[in-house]
Every structure is written in C-alpha cells, then in structure tokens.
Ligand SMILES: Cc1cc2nc3c(=O)[nH]c(=O)nc-3n(C[C@H](O)[C@H](O)[C@H](O)COP(=O)(O)OP(=O)(O)OC[C@H]3O[C@@H](n4cnc5c(N)ncnc54)[C@H](O)[C@@H]3O)c2cc1C
C-alpha cells in the first residue's frame, strides 16, 4: 500500500509529487497523456509567446503613437514555428524533470477508483493510504459543431499546433482565454470576429472598468456582444457562420472557429461513484474549500480539477500544501491560501487582486473606491499607452487595502505589488509612505490611492 497516490501530473500533481518525496519514497503518480503539463504545452506558455509576438507587431505598426513614421513589411510566416519552438523548449524542461524521477514512482495511464482506497490503471489495481486528485480540465466545445465542421473547430488544445496563421478566425467566447487568443490573432493580421454570449470581456467585475474595457477593446476588435452563431457549416469557401445581429440575419466565412467557452473538469474519468454513489453528482461533491478534502476521506482534489481560480500558481501552491494532510491523516489542515491574483494578458492587461469589486459589494464590508484614469497619466502618455483605468478598494474602518481591479499597460507588475501589499495587510497610509519613482505607471496607482484616502478623511 502506497502512502500517497497522486492522479494527474500537471502543475498541481508535479508540485505535490516534489513535496511528497521530501517525506516518503512510497509514492505513486499516475498520468494520462503527455507529462509536460497543460500550462507548458497548451496553456500559459504558448499563449504568452503568441501574445508577445502579436503585441510587438502591433507596436511596430502603431509606432506613430511615439512619433515614428514606420513603413513596415512584416512577414508572419514564421510565427507559429516560433510559438512551437519556444513551447517545446518549455515542455522539454518539464519532461527532463519528470524523466529524472524514480521510474518506480510513475505510471502512464488513466486512473479510476474501484473503492475508497483502491484505483485501477491499465487493468492493475493500486492501494494507498491517501489520494491526491489533480486531473485538471479540458476545453469544452459543442459536439454538434464538431460533427459538422471537424478539424475546423479548434480549441486552445489545437491552436498552437497550426502550421501557419489562418487568414480568418471566429472566436466563440469573451472570457480570459478567448480574449487573449483572439486579440493576439487579430494583431497578427488574422481577420478575427468574436462572438460573446454576454456583454462582458475578460474578468473585471467592476462595471466602471468593465465598460472601459469593452469600449477600449471594441475600438480594436470586432466583438459581437450578446450574439452567438445560430448555424455553422463547412463550405468550399470555409466555415459559414450564420447569426442574427441587430435583428438582421447575417453570415461570414472563416478558416477556423476557435471555441473558447470554458473548460470541463476531468473528474468524470475517475469513477468517483465507486467511492460513494452520492459522488456521481459532481456538482454536489462534498469538498471542503479550505482543505480540499473530499468528504471525510483521505482524498484531496486540487488544481483545475475543482477550483474557482484556474491558475498555475494556485495549482502549484495547492500541490505543495496538501501533502501534510495526506501524511498526517486524519489530521487535516487548511491550505495556506495566497492573496488572490489573476491577470489577463489582453492589451491593455486586466487584473484582479485581493477582493474583487463584486465580492466586496456582496459582503458586508464597508469600503470606498479610489479611481484613476490612465488617459492623461504622464508615463502612460510617454509610452503611447495611455488607456484604461485602475480602481482600488479600501476598508472604511481599518483603512486597509482590500483589493483592486486594473485595466492598464503593465497591469501584471502593478497587480503583483498590490497583492503583496494586501497580503501584508497594509493600510492606505502605509502604502502612500512607500517610494513612488517618477515618472512611472505606479504614480497612477498613487493617484488612485490618494483618491481613496481623500474619501476616508
Ligand atoms: C490557453 C490557456 C492559457 C492559460 N494561461 C494562464 C496564465 O497565463 N497564467 C495562469 O496562471 N494560468 C493560465 N492557464 C491555466 C493553467 O494552465 C492551469 O491553471 C494549470 O495548468 C492547471 O494545472 P493542473 O495541474 O490542475 O492541471 P493539468 O496541468 O491539466 O494536469 C492534469 C493532468 O491530469 C491528467 N489526467 C486527467 N484525468 C486523468 C485520469 N483519470 N488519470 C490520470 N491522469 C489524468 C491530464 O491528462 C493532465 O496531464 C491557462 C490555461 C490555458 C488553457
């Protein structure tokens, strides 16, 4: 009997394995499919390569923003190869790491539960004192559309495998993955149409910032809010999409449909009903959100398999943190949680740090909002990136910074600063005593913080 069996070797499972072997060698990790993680192969990393290239091209083509008259002839034929080369470098690094592990510790195959302490893989059974389920998720898509247009319907699993950039694409969805990939494609010269079920882009929950983001991104991108295809079919001139917009029937032709409408957990592959018939209803799984424990069992579900925050650093943190509960069962500890930090690599970038506007309004906490627009912010003007805005949320009583939402250039860096300050439970007065170098984008942040402080006095 193993001390721990880990199911799934993505970011969460690998992190759990590395922590586990510091304490016991009696470990087994099982993975279905490639061992190079969603993040490195088809997630965080290739998407960021594509986005960086796209943003550089956009900057070259928009150099007039900083008074340069550029006549550019840009050849994008190498872009997909570049994405794949760099992606392969990242996946190789992960695979090298996995190859260095004890061969006795790993099995390739799909695991499913036989009973609470037995799983089956490749028709062999394995028992353990505790289990970590880190099976991640897979892109969702409409099976009828897939039947209709076959490999012309792609998801984030396939887009990075394209040999060349398509001429045109229709993205379905306006969430994080859809907006990141669609904007990158558009900036790389791919004629891009975005169909969004609702009037929302990315993650921002503040209506002020959401409106600014919708207006700003709509200047660049063809986003059809509250419009979805009514019919799609394969034709000789590409995929024909029918839809209704402003009460008019319309159609377009595209090379591919990129389905980016969310991801489904891989939990159904585990036959959890063999542990307890009640677990067949995955929506009602009794999982403790703090410890990630399933019911009162020595079974823990981490990473994207069951989460409200499908993020790489959260998955890695949960993998590390859960090991002590496995080894000390039945003493189960709450995982040390991180200050919430979510970034969307749109341009301008979006970020939510600490508590979102929506969560704060739902809570009983009395807070005030500090606001700054970046349209006239000094450094943003210098960079030719004077778009967007930031909101900071401050507790009216304790004066502590509770959260922020950002839609600005370099939001990724300011969001980190803010999350570290929120984690340290700093008050607005503590933060405003910190140095703010001149001239920087962070000075805009100071304007928002001062706006908040004025309302507190
Ligand atoms: C396009 C895209 C862009 C992203 N960008 C970012 C970003 O910029 N920043 C960020 O923080 N996050 C980003 N993410 C999210 C991030 O990739 C995930 O949060 C992270 O990969 C989750 O890791 P995981 O270990 O939970 O799952 P995974 O890495 O998916 O690992 C799960 C593993 O379990 C295996 N498995 C499934 N079922 C079984 C079974 N029954 N038996 C055995 N093995 C099984 C799977 O095959 C897989 O190998 C992005 C995701 C996508 C798709």
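A Cβ is built for glycine as well, from the same backbone N, Cα and C atoms used for every other residue.
The number of other Cβ atoms within 10 Å of the Cβ belonging to residue 438 (active site, proton acceptor), over all protein chains shown, comes to 9. Reduced to three states, the DSSP call for residue 438 (active site, proton acceptor) is coil. For 438, the entry in TrEMBL reads active site, proton acceptor.
If you look up TrEMBL, you'll see 48, 304 marked as FAD binding site. For residue 48 (FAD binding site), the number of other Cβ atoms no farther than 10 Å from its own Cβ, over all displayed protein chains, is 17.
Look at TrEMBL and you will find 173, 174, 175, 176, 177, 178, 179, 180, 262 tagged as NAD(+) binding site. Its own atom aside, the Cβ of residue 177 (NAD(+) binding site) has 22 Cβ atoms within 10 angstroms in the protein chains shown.
Annotation source TrEMBL lists disulfide bond at 39-44. Every protein chain shown contributes to the tally, and the Cβ of residue 39 (disulfide bond) ends up with 24 other Cβ atoms within 10 Å. For the recorded site, residue 39 (disulfide bond), the DSSP three-state label reads helix.
Looking at the domain 'FAD/NAD(P)-binding' (2-319) alone, the prediction's average pLDDT is 97. Residues or ranges marked as domain 'FAD/NAD(P)-binding' by TrEMBL: 2-319.
DSSP states for the domain 'Pyridine nucleotide-disulphide oxidoreductase dimerisation' (343-448), grouped as helix (H, G, I), strand (E, B) and coil, give 37 helix, 32 strand, 37 coil. The annotation domain 'Pyridine nucleotide-disulphide oxidoreductase dimerisation' is assigned in TrEMBL to 343-448.
Fewest Cβ neighbours within 10 Å among the binding-site residues 173, 175, 262: that distinction goes to 262. The Cβ centroid of 173, 174, 175, 176, 177, 178, 179, 180, 262 marks the NAD(+) site; residues of that chain outside this set whose Cβ lies within 8 Å of it are 171, 181, 182, 202, 260, 261, given in sequence order.
With respect to ligand 1, the recorded positions 39, 177, 304, 438 contribute 39, 177, 304 as residues with a C-beta closer than 6 angstroms to one of its atoms, given in sequence order. By the criterion of other Cβ atoms within 10 Å of the residue's own Cβ, the least surrounded of the recorded positions 44, 179 is 44. Near residue 173 (NAD(+) binding site), with the C-alpha within 10 Å of its C-alpha, lie none of the recorded positions 39, 44, 48, 438.
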